[in-house]
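These features come from TrEMBL:
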BINDING   His197, His199, Glu204, His246  Zn(2+) binding site
Amino acid sequence: MEQRYATSPEHLPGMGTAELRRRYLVENLFVDDEVNAVYTHHDRVVLVGVRPVTTTVALPTFPEIRSEYFFAHREGGIVNVGGRGTISVDGTTYDVGHGSCLYVGRGATDVSFTSSDSGGEQGPARFYLVSAPAHTAYPTTFVEAGQGAVRELGDPLTSNRRTLNQYIHENGVRSCQVVMGVTTLHPGSMWNTMPAHTHDRRMEAYLYFDLPDDARVIHLMGEPSETRHLVVGNEQATISPSWSVHSGVGTASYSFVWAMAGENQSFDDMDGFPVTEMR
């Protein structure tokens, strides 16, 4: 487990490209038959990538979180961004297709991941887990891709027409902290979350996926008056502190998993900024 310590907006102006990427970009989450994890220290969120290819991969207990098992005092949302696979939680197996979501509540002891067809068109399953501390146990719940609360956003004229699926949220699958969903841009649209916003009460992480290998997303971050950018490839994640905007434009259409944790779970609790105020 890699640790990324929290940063303040005062740190950002002096950072070069390499340091920005080291602190806020997660490039290699998905490695064959391995579990890779990053402890962000922003709201104590852990990002995990699992890519089972030749065998079932179990979620380990990381010494950094000092618990008997991973979900002893945590919860998490998992989205499959690869081919079909299964997740086993304490003996119950869930069939998880591309873009589907599984919430795992506090107290789950044995969690493992398997690909259904590693040689298929979409390749092996790639399971993306976002976890935060939990004070109580909510039931493990599965949501099929596209079956959450759907919001249609944006406009083709502003190149940001997109469909947002809310999976884990206060009016859907219940959780203590984690809020999670998937947004898919329509063909011809490349901008996400513009005009940009912050939410000082929650951190947020994006995982970009379904992006062609030769395409990139220019992900904006930082305070609105002092932005920086990350050049992001397919199946790479960005870490957005609560003080940072999080928006991007791609050289092709794409989808992304968004996940938040912090003070509250109100999706609409955000502070927007006009494009004309961005610097």
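Keep in mind that glycine also has a Cβ here, set from the backbone N, Cα and C atoms.
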Note = Within 10 Å, the Cβ with the most other Cβ atoms among the binding-site residues His199, His246 is that of His246
Note = DSSP, reduced to three states, assigns His199 (Zn(2+) binding site) to coil
